[in-house]
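K.L.:
Once you've had a glance at the structure underneath, I'll fire off some questions.
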Amino acid sequence: MQILLANPRGFCAGVDRAISIVERAIEMYGAPIYVRHEVVHNRYVVDSLRERGAIFIEDIAEVPDGSILIFSAHGVSQAVRAEARARELTMLFDATCPLVTKVHMEVARASRKGKEAILIGHAGHPEVEGTMGQYNNPKGGMYLVESPDDVWKLNVKDENNLCFMTQTTLSVDDTSAVIDALHRRFPKIIGPRKDDICYATTNRQEAVRNLANDADVVLVVGSKNSSNSNRLAELAQRMGKPAYLIDSAADIQESWLQNAKCIGVTAGASAPDILVQQVIARLQALGAVGSVELRGREESIVFEVPKELRVEVKQVD
C-alpha cells in the first residue's frame with residue numbers, strides 16, 4: 001500500500017497570516033486575547049491557540065473593556081466592526097483574509113453605486129455573513145444563492161442593474177454552474193474581473209483531481225466546519241473514489257483501507273502539516289510503504305501581518 005500526497009495542500013497565505021496575528025498578539029500583549037469566532041476552521045489550531053491564551057467568542061459583548069480583540073480570517077459585517085470600534089478596547093486587529101476583504105470591497109462598491117448584488121455562497125457560513133453585511137443601501141438589494149435552482153427562483157428589483165460575487169471557498173465546478181445560470185437568467189449581470197474563489201481553494205481542488213485519478217481512497221485532513229476541506233472530499237467522491245474528511249489520524253478506520261493499493265492524502269487550507277505527518281505515520285503503521293508527493297502548482301503568496309505585530313516571536317511546535 002502506497003501513500004500519495006496532494007500538492008499543494010494545507011495552509012494557505014490567509015490562514016497563515018490569521019494564525020500569526022493571534023500568536024504574535026499573545027506574545028506581545030500576553031493572555032488573554034479575544035478572538036471573534038474561530039480564527040480558522042480547524043480544531044487542532046483552535047485548541048492550540050486556546051491553550052496559549054486565546055479566548056474565542058461569538059458576541060463582542062463577551063469581551064471585557066480594555067481587552068484586545070481579533071476578527072477571524074472569515075471577516076465580519078460592517079455592523080460588527082462598528083460595534084467593536086465603539087467599545088473601549090486596548091487594540092483591535094483584523095485577521096480577515098485579504099482575498100475575503102477584496103470581496104467585501106466589491107459588495108461595498110455595489111452598495112455605494114446602488115447596484116443590486118448577488119452572492120454565491122453557503123448560508124450560515126461566517127464568511128457569507130460578513131460579506132452580506134457589507135451591503136447597506138436600502139434602495140438596492142443583496143441576495144444569497146447556493147444553486148442554479150436558487151437563481152431561477154430569485155426576484156430582484158432591476159434585472160439591468162445587477163452584479164455578483166462569490167464566497168472564496170466554494171467548489172469551482174458548482175460555482176461555475178451557478179454563474180452560468182446567473183448569466184442565462186440575467187443577461188446584463190456583471191461579475192468580477194476574476195473569479196472570487198481564492199487561489200488556494202482552486203489549487204487544492206485541482207490537486208485533488210490529480211490525486212483521485214491514481215488513489216483508491218482519499219483522506220482529507222480538515223475539520224467538519226471547514227468549507228474548503230468539505231469541498232475537497234466532495235470532489236474526490238464525485239470522481240468515484242471513497243473519500244473521508246478527518247480531523248486527525250485517530251479518525252482513520254482500517255476498514256476504509258481494505259483492498260486499497262494507493263491511499264491519497266490531502267489537507268484543507270486551514271489544516272496544519274503536523275496533522276498530515278501524523279496521518280502518514282498512522283498509515284505506515286497500518287502497512288503503507290513510503291509516500292510520494294505529486295507534482296503541483298507552486299504557491300509563493302505571503303500576506304503581511306499588521307505593522308504593530310511585525311516582530312520576531314518564539315517558534316511554537
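If you go along the chain as it appears here, the first residue is 1 and each next one adds 1.
For all residues, glycine too, the Cβ spot is worked out from N, Cα and C.
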K.L.:
Among H41, H183, which residue does Swiss-Prot name as a further isopentenyl diphosphate binder in the site formed by H74, H125, S226, S227, N228, S270?
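P.N.:
Matched candidate out of H41, H183, per Swiss-Prot for isopentenyl diphosphate with H74, H125, S226, S227, N228, S270: H41.
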K.L.:
Going by Swiss-Prot, C12, C97 bind [4Fe-4S] cluster; tell me which of C198, C262 is listed for that site too.
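P.N.:
Candidate listed by Swiss-Prot for the same site: C198.
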K.L.:
Near C12 ([4Fe-4S] cluster binding site), which residues of its chain come within a Cβ-Cβ distance under 8 Å, counting only those 6 or more away in sequence?
P.N.:
C198, Y199, A200, A269, S270, E299, I301
K.L.:
Could you tell me which of these binding-site residues, S226, S270, has the fewest other Cβ atoms within 10 Å of its Cβ?
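P.N.:
Per-residue Cβ counts within 10 Å for the binding-site residues S226, S270 bottom out at S226.
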K.L.:
What are the non-local neighbours of E127 (active site, proton donor), defined as same-chain residues 6+ apart in sequence with CB under 8 A from its CB?
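P.N.:
Result: H74, G75, V100, G121, Q167, T168, T169, S227.
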K.L.:
What is the separation, in Å, between the Cα atoms of C97 ([4Fe-4S] cluster binding site) and H41 (dimethylallyl diphosphate binding site)?
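P.N.:
H41 (dimethylallyl diphosphate binding site) has its Cα 13 Å from the Cα of C97 ([4Fe-4S] cluster binding site).
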K.L.:
In Å, how large is the greatest distance between any two Cα atoms among H41, H74, H125, T168, S226, S227, N228, S270, the listed binders of (2E)-4-hydroxy-3-methylbut-2-enyl diphosphate?
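P.N.:
For the residues that bind (2E)-4-hydroxy-3-methylbut-2-enyl diphosphate, the greatest Cα distance is 15 Å.
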